[in-house]
Amino acid sequence: MASPAGLRPALPPAIPGAAAVTACAAMAVSYVAVLYAPTVILRFPPPTSLRSFLHRRFACAAVASIASALATAALLRVWSLGNFADMLAVFGIRKDHLLQAVVIPLLLTSLVYAGSFINRLWPLASMRGGDGDEVGIGCTQRLVLWIQTALDDVMVWRNYVVAPFTEELVFRACMIPLLLCGGFKMSTIIFFSPVFFSLAHLNHLFELQQQGCNFVRSLLIVGVQLGYTVIFGWYAAFLFIRTGNLLSPIIAHIFCNMMGLPVFSSPRTKGVASVASLAGSICFFWLLFPVTSPELYNTRLDQCRCWHGFCNWK
């Protein structure tokens with residue numbers, strides 16, 4: 001992030017590492033606990049529909065996110081930065097370099113899903129004998145219908161709006177600055193912070209059992225979810241630290257929620273999906289560091305007011 005030439009930025013004080021970890025753990029617990037507050041603490045009647053249930057959870061997630069942001073701001077004393085834009089930049093909320101922060105991570109993430117794209121497009125490729133115009137019109141109509149349906153679907157709002165924005169705000173924008181200011185190395189934060197993200201998904205074990213799923217099956221389902229959230233958490237933390245922009249992990253989060261687990265092989269594609277998946281994965285790791293270079297997302301790296309490794313909050 002840019003800063004005026006010759007202006008020495010105000011340096012927020014470092015916080016003890018133990019305090020940073022404790023704050024992160026408290027945020028992770030509160031993010032989940034507040035979801036049950038309406039019925040357990042406030043004694044509201046149980047929701048009568050999925051829509052009302054999720055609307056209640058949306059409100060709870062918003063409260064937890066705002067509380068985490070305020071707690072982070074207080075612990076880091078971000079008001080000492082003076083400028084409101086610089087305060088928001090502590091959380092990676094910035095208006096500069098937006099195109100890079102959105103497009104590059106989206107394209108990078110899509111490489112992992114090369115096999116998935118082939119698997120989904122394969123039926124269209126097999127329709128060579130059909131009328132291309134009719135196929136195009138049908139696809140357009142289906143897209144319009146999907147958008148209309150999606151806007152009214154509460155699960156779409158949950159998976160592609162509320163969860164990505166609130167989870168990335170709490171688990172990346174709030175926790176990572178705290179851990180950085182707590183003296184932890186970037187590599188440690190990238191591999192350590194997703195633990196909090198995974199712990200916030202343990203409530204799914206309880207909810208699955210409430211739905212009648214036996215304990216072993218519930219444990220297996222949640223175990224797969226936790227493994228996936230850890231891997232994604234590594235990537236999201238990496239994006240946030242490298243770009244300094246909250247939009248980057250949010251875009252990746254939305255895209256991954258849309259695509260689901262990557263397809264690495266599919267019998268119907270006759271090996272094409274496997275080749276595409278391998279090629280996409282190789283390109284992903286080859287490009288991972290070059291296309292997330294901080295120079296692409298920041299005008300200046302000296303005397304910047306953002307929180308990542310080019311600033312010394314010591």
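Backbone N, Cα and C atoms are what each Cβ position is placed from, and that goes for glycine too.
In TrEMBL, annotation is done automatically, which means it is predicted and not curated.
Copied over from TrEMBL:
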- 14-37: transmembrane segment (TRANSMEM)
- 58-78: transmembrane segment (TRANSMEM)
- 98-118: transmembrane segment (TRANSMEM)
- 155-259: domain 'CAAX prenyl protease 2/Lysostaphin resistance protein A-like' (DOMAIN)
- 178-199: transmembrane segment (TRANSMEM)
- 219-241: transmembrane segment (TRANSMEM)
- 246-265: transmembrane segment (TRANSMEM)
- 271-291: transmembrane segment (TRANSMEM)
Feature contact check the transmembrane segment (271-291) with the transmembrane segment (246-265), CB under 8 Å, 3 or more pairs: yes
Cβ contacts under 8 Å made by the transmembrane segment (178-199) with residues that lie 6+ beyond its boundaries: 12-21, 23-25, 27-29, 72, 75-76, 167, 171-172, 226, 229-230, 232-234, 236-238, 241, 307-309, 313
Structural state census, the domain 'CAAX prenyl protease 2/Lysostaphin resistance protein A-like' (155-259) (DSSP three-state): 90 helix, 0 strand, 15 coil
